[in-house]
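S.K.: For reference, the structure I am asking about is given below.
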Amino acid sequence: MVSIDHVASKILTYIPYVLVLIDMRYEGVKCGRDGSVDNHMEMGKKLLAAGQLADALSHFHAAVDGDPKNYMAYYRRATVFLAMGKSKSALPDLSKVIELKPDFTSARLQRGNLLLKQGRLDEAESDFKKVLKSNPSDKEEREAQSLLTKSDEIQRLVAQARSSFDSQDYMTAAVQLDTVIETCVWDVTSREIRAECFIQMGEMGKAISDLKAASKLKSDNTQAFYKLSTIYYNLGDHEMSLTEVRECLKLDPDHKQCYSHYKQVKKLNKQIQSAEELIQEQRYEDAVSKYEAVMKTEPNVRHFALLAKERMCHALAQGQQASRAISVCGEVLQSDPENINVLKDRAEAYVQEEEYEEAIKDYETAAKHSENDRQIKEGLEKAQRLLKQSQKRDYYKILGVKRTAQKKEIIKAYRKLAQQWHPDNFQDPEEKKKAEKKFIDIAQAKEVLTDPEMRTKFDQGDDPMDPESQQGRHHHQHFHGGFQGFNPFGSGPFNFKFNFN
């Protein structure tokens, strides 16, 4: 039997070998790890030089993970971030480089430059001054001195701009901030102040541009989204207003201003969408009522009142309510005399009212501002034809019916007039002669307006009963040879005879 002392003695003799093996394994792991970091650094540099930024970034991420104290890994990664336009990500890496190696002037100079662009002027100046005290190269010294001078100049301009803004001299403040932002391109505060200047000056397009930039530069900028939403709302763009206020609520669902504004915009947006759907469904009277509700929902924003009246004008014209359409369209044109859509709709309403000269004026005005609009061209030609036609015979006027009259109305009007003007009713030769002509016009009006094909031609400006209008084409007339045996009421023949020739 082997004694315990003997076994213990054997184990003790192997311990030094085990320790050596463990040590060797550890050294191998360490070498492998260091080699991996070096490989990632080398590959990252090559890919960066080749412009393959995403791949380079992956290698520098791996290098930082492999050796969190490798300041060059952070510096290289910051370089890639800057090349990709991700300055926000580059800044923490540059700060880490300076923490690990405070005398790395290139990193400090880079960080100072980024801070300057962000408008963090005091911090930027601190970096530039430290670079100048750290025995920099001639190139670094010149750059640091130039940036320090620029930073001092910007400091003065910022102070002047704020003074101008406080004095309500918005134009001067905006000009001063232009210079500031040329250098401090990522300065959120300067852009927000300049946006407010533009709002006060009524230059909403420029204000929108600055606020959009501010909303991207600052990740939680709810106020920028709120202002954007209110600007779009006051401009009458309810859809963009809704989009921007939703962005605000994504960042802060409990934002009081944004939530209150959201409810108002959503209600208005829903009403407008509903009104447009009614127009598409040709439910014009309902669409008009819905747009009247829009004006009640938002009585204070002029753009929404104009939008509502513009669409009401269209719905009324399409719904054959010409008189109301002319009135509503006129209200819009008082404020917006070059509104092409409203001019076209009012022209159409004038045509319905048989005020062809007024229709022609509107079409001609619209054509000045939209030369290639086919609808305007066709509408103008139609109005001109109808004007010319109205100066000759107008079958609608002869029967005393509207252009929209149905066949039953036309026949009813014809029977009444035919009975009134039948030549048998007159004894005096002059009156009989006048009645004959009137009776022919009434009968021809009935024939044209109850025949779909002839009525369409007449509506387009051609008189099917006028040989000249038909360009020499022969048209068979039912009344050739006289009225013998003709009874418009179907109650037996009239004994009156006469010749058309």
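Each residue, glycine too, has its Cβ placed from N, Cα and C.
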S.K.: From the ranges 94-121, 262-289, 318-345, 346-373, grab the one TrEMBL calls coiled coil.
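M.R.: Coiled coil, as annotated by TrEMBL, spans 346-373.
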S.K.: Same-chain Cβ contacts of the coiled coil (346-373) under 8 Å, 6 or more residues past its ends?
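M.R.: Distal contacts: 313, 316-317, 320, 322-323, 325-326, 329-330, 333, 338, 340, 379-380, 382-384, 386-387, 390, 394, 396-397, 403-404.
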S.K.: Short question: which residues 6 or more past the ends of the repeat 'TPR' (71-104) have a Cβ under 8 Å from it?
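M.R.: Contacts with the repeat 'TPR' (71-104): 37, 40-41, 44-45, 48, 53, 56-57, 60-61, 63-64, 110-111, 114-115, 117-118, 134, 186.
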S.K.: On the DSSP side of things, how many residues of the repeat 'TPR' (222-255) fall into helix, strand and coil, could you say?
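M.R.: For the repeat 'TPR' (222-255), the helix, strand and coil counts are 27 helix, 0 strand, 7 coil.
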